[in-house]
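Database features (Swiss-Prot):
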COMPBIAS  202-244  compositional bias 'Basic and acidic residues'
COMPBIAS  583-595  compositional bias 'Basic and acidic residues'
CROSSLNK  218  SUMO2 cross-link
CROSSLNK  245  SUMO2 cross-link
CROSSLNK  413  SUMO2 cross-link
CROSSLNK  502  SUMO2 cross-link
CROSSLNK  532  SUMO2 cross-link
CROSSLNK  628  SUMO2 cross-link
CROSSLNK  1154  SUMO2 cross-link
DOMAIN    270-333  domain 'PWWP 1'
DOMAIN    960-1025  domain 'PWWP 2'
DOMAIN    1148-1265  domain 'SET'
MOD_RES   150  phosphoserine
MOD_RES   457  phosphoserine
MOD_RES   585  phosphoserine
MOD_RES   587  phosphoserine
MOD_RES   590  phosphoserine
MOD_RES   655  phosphoserine
MOD_RES   790  N6-acetyllysine
ZN_FING   701-748  zinc finger
ZN_FING   749-805  zinc finger
ZN_FING   862-955  zinc finger
ZN_FING   1323-1370  zinc finger
């Protein structure tokens, strides 16, 4: 801040107002300051300030008889200048990009060149003096001395104001300084009212004389509301054009607007391609264009330097005035490196060069690439073609009109204190009274007020409304007339360079007469330098007037006036500023400004009118604002039915703040959509792109299969593939009429979604909306594929993460995010989605499997075996270079450190050594993750070529909120550092902007609390108990110790959260039975066939229709006794037949209950008689092959509940996936129901019938008669007296129970115990290696052998009855007849000749693997122990 300004501000205490234009620099020099915004007024001519006078403005007397200045100021300088509006279109730093100051010492003739009709008077700082009589009225040309004759020092301080706040440095380089004057509201309303009254009386005569000498012209609104416009530019003639010409002096009129030149010294013309440099942003491709307000493309700024108006090539439309020194001719994108080299040469120090050479951030680089693509395309065009193709079109919108002028003219003088809102009243009909009539019919006070707002009179034609850059010129003819504000008001926020649209809440705007018509819209297209704006009215010209009460009660519903929108008035002041004696009162407020907005062509040009809805942008529209040539700013999503565009909010509010009026008017800044955008993260992350879409996401969630971009304007194939395409991606120019079918559906050659090989032998997924095709062999490779009777459900309908937990029901339920390129799907949310995946839409992503890794980003494997030891690395940090970075998890974040380390050799120093593990040897390294293994630990040979571990083969991925070990760099001296994988939306914005690719995810380092992007090759999971991999280290860095403690604590927190979540999930699922599909009849699966008998083959019973209960339980029905159900067309009883329970499904009411120890059960609600039909056991009818396949799959997925019931050899009912209530009936050794096979219409079906009378409320059970296919037995919890203890074991009969009772009683007598001879059951050592431990025992009778699973090369115990390899020939696998008694080698009769020889150990046979003289070592027998078991431990001999 300049000291001269702060000094004057503190001494004078006056409010400093905004300048008439944006000023180049904040370093404003106030030496020799004078009023540099006034106009020279000729005798008898109109004063320029008469164009727009504010409320409370006091007319000064004329200058005919006033003495000249005595304080050294030039006599031509006036204390009052015209009211200047803040330009609605933001320019670069303070109106220019040259970074120079705006106010310097120069002559008035160099500074003033044109007149600004609508300007705003600046305050006049008065030097405090002793109380004296008030001075005489001042004049526009001079500073009036006081009555005492002593001159009064009047200083004019020019101050840069932007976004309603004072600006004292470049908006591209720093935040705005918010310095509000402390003395703004020092005077009370009463004092202000009294002063205004005195001034009014004192200068009444002066004002009357001035009105007689200066006639009030009726100016054309187009001329009035255009700042920076030269007076000599011929405007459209107003009604009183002769008066205006007489009033305008002939000599040049001074103005504060920079001189606009279009001929002399102009290097670039409209349509030329240039590079421009703004602030810290890189050289950006631009096109020279015409300013929509000045209608010129080149001007001389206040320092005499030339500036060019350029529009930037990017995804968002931006424009600015740029200094000529920062503009270069564009010759191609290769020129960028030359510009960097040139800037580097001019750099003063090394740090500046580093900044210049620093890589651009991710978002900025993406936007820059978009701009380069446009520029390269435009480079091939001629200048005229570029102007036609890329020039912005500005859609102008009429704001809400103020109340009628007549109503304002009759207001009393006391209303001077009323808060004033500058506004313009539009009317389709001209005013009936001219200026003279107004002057003669109204009081002087009313005339003064009207002269302030005469540019808003009803006599005026429509002034230029807000210009919004809607499309480029190439699409002006196709601009739809329906793109209008529908019952809404448009509020455009001002930013440092380019306004951004903010669509306010939709309000119904009504005029004073209540016609209820809405705002019409105008379209402006800038045709070139000096050309007038072409206006094409969309719709009818309607007058929209809102009463003052409506605006005062609902300020948020009021549209900004043309005075604020068409001119260059600044944004609303953040705080009300109380003016000096000659300014408005403290109760007056500034009008809300609606700056302009530009929307570039690419956002809407390809979108048809039918799809003009708020949606997701294609391409780089998802990229943050920080990559554009702008600073970050608040943005709110649009609700208007306009072109598809979404904006991302990077902060809750603008860093420069909003004025009170803006916040009150546009509360959509903090709307839900904007809040959702604020939480969004990087475009290349899953959750980030989900959050950015917000309310603009299409429910259909369509993605083009060619370009992989989401959008609403897609063509859907109506064939079997269910895919969507962009019209451009299909090579079409228009949307095809009628039904569209893609080429694959037309030819029938669909590619397999797994192997991508086309052919007709592929099968479609059974899900109707899926549309994916697979080879059957390909889809069977995925454990998440579900095969059904009618086909299969592909893996994209099952969560890959949940399937790893062997919970197939959980994995197949819920909303999925499906990969666009491969058969992978995850549940929506961070819990299941693999870290590093990229979201395309809310339900479509590209998984991390498609990460393209280079040789430089290969996996960094650990130096230990994951099986036998969770490795230990010992290192002494003798190398000072490495020791300084060994415990720094983030050293690669430093560019200098990275460059320093990369100069060193990749071979680790000799100080790093691997601790000898127990087994030693070579390590087998995974190509996808850091895992390493000893081949011996995996029982495999060292493979050739690439190899992936089992987890990577199975598709196991890392997830967010997972604790991991991370290593940055390829050096062993750099430790593996504990970190947590973070969701991209939870990391800071600068971390989101770091360079990363598909498959990368951010991690948070414990201890140092840094972030970085890594991939799976540098990360492996943290396991409870992990400490560090440098236990041999004598000293551990404090940061690393802290990291270990934080990681352990965080791991326990996440573990507790996970366990709590699982407990809640288990509790929730325990309230209802596991999911299944309820069916009423059996469903045939596979090759099973259902037999249907002919009516002639159905037996006929001998029951009569007149019987009491024909075919009932107590009847002598032959069909019932033979378990054959009667047919209604064959049975003599007809409809009264009671032997049709299967067909009619006559089940007693029952309910599913939760039992104490047996899971879910079935309980009857009413009493059931003995023999009564209870239920039919229904499910899927499968054959034996399918049954064994399902059992095998169930074992692999750790499923222990089975619902299979065998009807015949090739007919098995599986009620697991589908069934009825009978599937919940539990087993009991003493059941109350039994299963019976009945023939129903020729087909065999299974029914459950009551074995006894069952009272209401009792659980229904039956005996499973389980056939044990495995060697394990399931414990029975039925609680019956005759319970066998295990399922599949026959329950004890009555005779057996009696014998057991007798034996139990006999034990009470004294007996003499006799030791029974024991016999060996199974050996307690492995027959292969001789060690003990967990052993698998052979099920062959009298075989005592047992084995380790690893010795058998098995990972799980074998299922069913298992025989050890000792009983099979080693050569052919047939039954062995000769055995080696020291190892599992055995031979059949054909291969046993000469294979075995007697040994020296008791003549036992041994194979060639043993020495016959000493087949085993002496220590071998010391390890062998046998398990002995008595034949009858309870047998005792009676004394």
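Just so you know, glycine gets a Cβ as well, placed from its N, Cα and C.
The two recorded residues, residue 1154 (SUMO2 cross-link) and residue 790 (N6-acetyllysine), show a Cα separation of 34 Å.
In the three-state DSSP reading, residue 1154 (SUMO2 cross-link) counts as strand.
Burial estimate for the recorded positions (790, 1154): highest at 1154, by number of other CB atoms within 10 Å. Broken down with DSSP, the zinc finger (701-748) shows 5 helix, 7 strand, 36 coil. In three-state terms derived from DSSP, the residue listed as 'N6-acetyllysine' belongs to neither a helical nor a strand segment and is classed as coil. Summarised as a single figure, the pLDDT of the domain 'SET' (1148-1265) averages 90.
Across the zinc finger (749-805), DSSP assigns 11 helix, 14 strand, 32 coil. The domain 'PWWP 1' (270-333): residue composition by secondary structure is 3 helix, 28 strand, 33 coil, according to DSSP.
Shown for the zinc finger (1323-1370): DSSP residue counts in helix, strand and coil, namely 3 helix, 6 strand, 39 coil.
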